[in-house]
Every structure is written in C-alpha cells, then in structure tokens.
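Here's the structure we're looking at; comments come further down.
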Amino acid sequence: MDSNVDSQRVPDGQIFFRPVHPGISGKDMESGTSDGQQRKMMEFEISEEADMRLTRQQTQNRTGFASADTKQGSPEGADRKKMPPGKAWLWFVLILIVNFLMVRLLIPDAEQPVMVPYTLFKGEVGKGNVKEIFSRGDTITGRFKEEIAYQAAEEKAGDSRKASKAVTTFTTTVPSFVDPGLEAFLISNGVEISAKPIHEERSPWATIVYSFGPGLLFIAFYIWLFRRMAQQGGLGGGIMGIGKSKARRYDQEEGRKVTFDDVAGIDEAENELVEIVDFLKDPPKYTRLGGTAPKGVLLVGAPGTGKTLLAKAVAGEAGVPFFSMSAAEFVEMIVGVGAARVRDLFKQAREHAPAIIFIDELDAIGRARGQVAIGGASEQEQTLNQILTEMDGFSSREGIIVLAATNQPDVLDKALLRPGRFDRRVVVNLPDKVGREAILKVHTRSVPLAKDASLGELAAATPGFSGADLRNLVNEAALMAARRDQDDVRARDFLDALEKIVLGPERPLLLSHADKERIAYHEGGHAILGLVAHGADRVHRVTIVPRGQALGVTYQRPDSDRYNYTEAYLRAKIVGMLGGRAAEEIVYGTRTTGAESDIEQATGLAHRMVTRWGMSERLGLIQLAPRENPYLGGPAGYGSARPFSDGTAEAIDAEVIRIIAESHEEAKRLLRAYRKQLDVLAEALVAQETLDEQEILRITGLPPAPALDAGKLPVPDGGDKNAEPSVSLPGVAGPS
C-alpha cells in the first residue's frame, strides 16, 4: 500500500586541386599562352591575394579577432568546396540517361503501322480481313483481322530475296480522285469506321509538351528530391549534404534576446560565465596583458538545471551568433560523417566569428576512447578525434568559444578535459530555496497571480526541484486555473499542481471499506511516526485517494534545505519508511504487498549507510560501493567487478539486515505507544479520505515533531535525506 518515495571516418573527403586558370597548365601553357600573358596573370593573382590579406587585416583591427578565413593549403580551407561545373553537367546528363531508360522501360513502343497500297487495302476489305479503320483527311489507318505477308515495291526492286514482313497495323492514302463507293463498300464488309476532322490536328506546342513533358517532369522531380535531401542532411542529405552540420544558428537580431535576466537561481554558475561575456565584448582588455579566453567551458549538472539556457544567455549578452547542436546529431550510419560535420560546424563558426558553439549532451560523442569499439576505431572515436583537433591550440580560433553540457562528466575522455580544450568546468547545481523563488518569479512574469499565491511558500514546498520542474509546475497551475474558469492563478492551483507532479494524478478506483481501512492504517502509521519522532519532516498531507500507482499518500517536506545528514536522521528515516508495515502488523496481525516500495527504499538507504558512509561499527570507515550519482560523478564503467571479497559481502548483508530489523522493531514500539492516535487518524481518513497538516494535528492532539536535538530521541524521524518531499506511495494491495 505504500512506499516512501524520495521526490527528489572513412578518411576525410577527397580534395581536388585545380589551377587558378584551369586551361593554362602543362601543354596548354606552352602552346596557348605567351610568357607576357603568363606574367600578367601572375601579377594579377599576387595583387588579388595582397588585397585579400589587407582586407583581413583591416577586419582584425576593427573586431580584435583573427580572420575566420584559413590560409591557402590548410585543411580548414579545403573542408568543403562548391561542386565544379563539369561535375554538375555530368550529373545532369546522367539523370537524363536514367530518365530515358526509365521511359523506355515503363512506356513500351507501340506497333508502327506499315504503309500499304490503296488497292491492297481495298482487296483486304473485299476479303473481310479489315477489322477497323481510322480516317484523318486523306489518310486511313487500320488493323487487319489476320496478319498478311507484304513486301514493299522498293524492297522488291532492291533485293527480291528479302522475306515479306507480317503486317497487322497498316496505313494508306486515299487517291485524290475520290472513291464514292468506299464508304458503302467498307460497311458492307463489316469494317468499323472512325474519323477525326483535319482542323483538330495537334498543335506543334502540344506535340512538344507531349514528347518532352514526361522527361521534364522526371528532371524536376530529381532536382526537388536532391535539394530536399541536401537540406535535411544525414542519410537523406545524399551526395550533396551528407557532411553538412545540422547546427541551428540563433542570431540575436532575429528574435527575442536571451540574457542573464532570464536566468535565476544559479548565481554561482552565472558568475563563472560573466568573464566569458566580457571577453567577447572587449577582447583587448585581456589580450593586452597576454591573456586568452578559455577555448571551452563545460557545463555540468543534472537535467533541467538550465545549462542550455545559460549558454544562450552568454551568447545574448555578448551579442554574437550562437550555433547549437546536439552531440548525437554528429554521428550517422555512414562512416566519416561525424568528423565531416564537426569540420563544417567549426567552419561556419569561423565565418561568423566571434561566435559561440554549443554542444549539448557531449557525453554522446565524448566518451573515453577504447570503451566502445573492439578491434578498431569506431565512428564515435573518429568524431571525438576531430573535435580534439578543432579545439587544439595549433589552429587559430580567437573569437570562437565552445560551450558544452553534460550530466556525466566522469565518462568523458581525459584529452577532452585538459587545459587548452575545455579550460573551465562550471557545475550547475539544483537551486536552493532563494534560487527557487527567483526562478518562480521569472516563470510567473506573464502569469496573473492571486493575492493568496505566495511564491516564497511555494519555493519552500519544492526542495529538490530544478528550473525545468518549476517551470512545469507554473504551467500546470495555470492550466488548472484555466479549467476552473478563473481569472488568476491561486494558491490552491499551485498546491494541486504540486501534488499532481509529485504524487501523480488522482485515479478513480472503487475500493471496498475493508481496503480503505487497511490503507488508512498504513498511511496513518507513516503520519504518526512523522509527528512523534524528533527532527522529523513536517507532515503536510495524508490521503487514501489513489494517485498514480499509489493507493495512498503521506506527504512530508522539510522546513528548509538540508545538505548534511546525521546517522540518527538516516536511522529515523528508515523507521518512518517501515511505519506502514508496522501499523498493518499491529492492527491486523498480517502482511500485505503494499509495503514493497517502502522495503526497497529502506534497504537501499541502509546499504548506502554501510557501504558508502562508514556507518557500521563492524565494517568501519571503508567505502565498499561506487558513487551512485549519475550526474556529478557516477561509476567510471559498466559491469565492473565488486571491489570486495565474498566474506565482506556477507558482512554487508548482515549489517543491512540488522539495521532494518532494529528500525522495524522501533517503529512497532512507537506505534503501540500511540495506538489511540493511530486509530483516531485512521478513522478520520476513512471518513474524509484527505487530511492536511492542521487537521491531522487537531484530530490526533499531537504537536509537530520537535527538533532533532531537543531532548531524548525516542525515534529520530521519517524525513527525507535529500530534503525533498518524503512521499509514502503504497503499492497494489494484496487479496483481501
């Protein structure tokens, strides 16, 4: 019935070198151009190159940044060239040939009629061998019922040995002297006659369209298809766009600028990035003393903490182009695409320098080399190698700063994290109470709030929430207010939205009175321990209304953020988790499946106390388990062997069992002492289904739990080690 859930390459593309003047090379230079002409052309090229250098130098003096163009012969300058005209024509001719073959295959040639004499035609009519005719002017075209053998007169004169051809479809011309009896003669011999006026002859334009229309349609379709694929990139990019970067460019002039005013609650991370903005705005301030800007800044934090928003704010404050791309978008099925896209991304950034490149989820391509591929370099490793090359100090990249975000920094390759690539690491933590209130103010700028809606109280009620969580909370509250046809968002809307997010939505479930009573005692056990244990988190709400996967909920939250926990607090938390099972055993003398999640979480907490935090007298101060936080330093690899012996494993199990057993007995002892209050609370829950903090205190007659250091500790508490709302979520009840 419940659980105490903590809310908490192929090689690089070929480079084709062409002379500056394609027709002047080798023999052509000997025979087609004089020495004077060659010298003039060389002088022109030198002058043109000098002009280009002067233009680049002037650009550097104005902006303080090196030119984005690369020197002749450098790898960057040969990253991507336009398709030569000859190649474009080659593809065009190839498409025409394919089109012609397809038309020949799809539209087979019709049988061509054979010109026969008029007398032969009349003779076959007399024999009844003409099936049908079609007349247009003086020309008659028709079909014989049975094919005949016919050899034209010119063929007879040329070579009489040629065999006669079988004729089925024929054409003939009516003599200028009209045969007046032809029509009756045809009808009497059962010939089907068709005719068309001469003035309905097809126009020349119609003939052209009829002849070339299908081919033109095929060509237009291929052109559209190739352009579409080139725009989409990836496999769809085909020949023209396979190596193009998929980065999205955000220019601050094209939309609403994101600034640090839109970022709240993460002041420490924001302060780390202010210097980056200052460098982009005023480079000489730092370069005059020999300083250089960090080439890369790695943003580390849990999902939803605002890493992407911080990167956009840096670009907005500096007023430079912002190129954003997910690391997963670099790699495709075709080998070498990832490295090509990395080169293209940095090339675009150089062309628009100063600029910011933002790579989200860097761990998708930045994992340590050698962990994924077996027996050779993988596509991911080639992409990583190209990123390392682009960020290396050997290439001039002044004015380009790379920002990257990840929630798994420990899996990144060490070469990626060394100074000279990602020089700085900025940790974006979850906001504290003050930070959450500031974030709520940002997200409620356009939301009309009622007078009873206190953002401070809401911030206190949402410990452990990230910026994305708070934004979702405000949106859910606004939607609830709209469904209720209100003109503003009230405190009730925020509370209901919070319960929906943390506890899950209410679900209709028809329960018997016996099931309701058992659930009420289960939740009552959690609530009573939350009231009598010293230092326990406040019990804000208890309900037996099914929510999400839970049949009932006990909702607790701390009064302030907590960052350090004593052993007594953790032991008290385990006692609180086992309060539901203890209440069932005391009242009914039986067990149900409802405490499954409670037991799972209590066991996990006890295991961490023994293996990670050194809270076992038997095992002492030894860490026997890797860190479990996947965001700020998880295990270095997967499937690694445990770092202890079988005997130590048995000792760990014994200590965990001891802690759980002692906590279970303590929970039952306390509930027996407060059995009267437990019965009253369960009865009220069956009747009202949901009780808030004041109603619980009034019904039980108990005061809120005293502070952890106030007097003797009968049981520390049932609070939450992560300072998030402690929620008791019962599982599915067993058979009654």
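Glycine is treated like the rest: Cβ placed from N, Cα and C.
Summary of the site annotation: Swiss-Prot records Zn(2+) binding at H522, H526. Screening the candidates D432, D452, D598 against this entry identifies D598 as the one listed for that site. Matching 117-147, 365-395, 706-736 against Swiss-Prot, the residues noted as region 'Disordered' span 706-736. For P303 (ATP binding site), the nearest neighbour among the listed recorded positions (E523, H526, D598), judged by C-alpha distance, is D598. Along the topological domain 'Periplasmic' (109-205), the predicted structure has mean pLDDT 73.
You'll find the Cα of G304 (ATP binding site) roughly 28 Å from the Cα of D598 (Zn(2+) binding site). It is 32 Å from the Cα atom of T305 (ATP binding site) to that of H526 (Zn(2+) binding site). The highest number of surrounding Cβ atoms within 10 Å, among the binding-site residues G301, P303, G304, G306, is found at G306.
Put simply, D598 is the one of the binding-site residues H522, H526, D598 whose Cα lies nearest to the Cα of G306 (ATP binding site). Secondary structure at G301 (ATP binding site), taken from DSSP and collapsed to helix, strand or coil, is strand.
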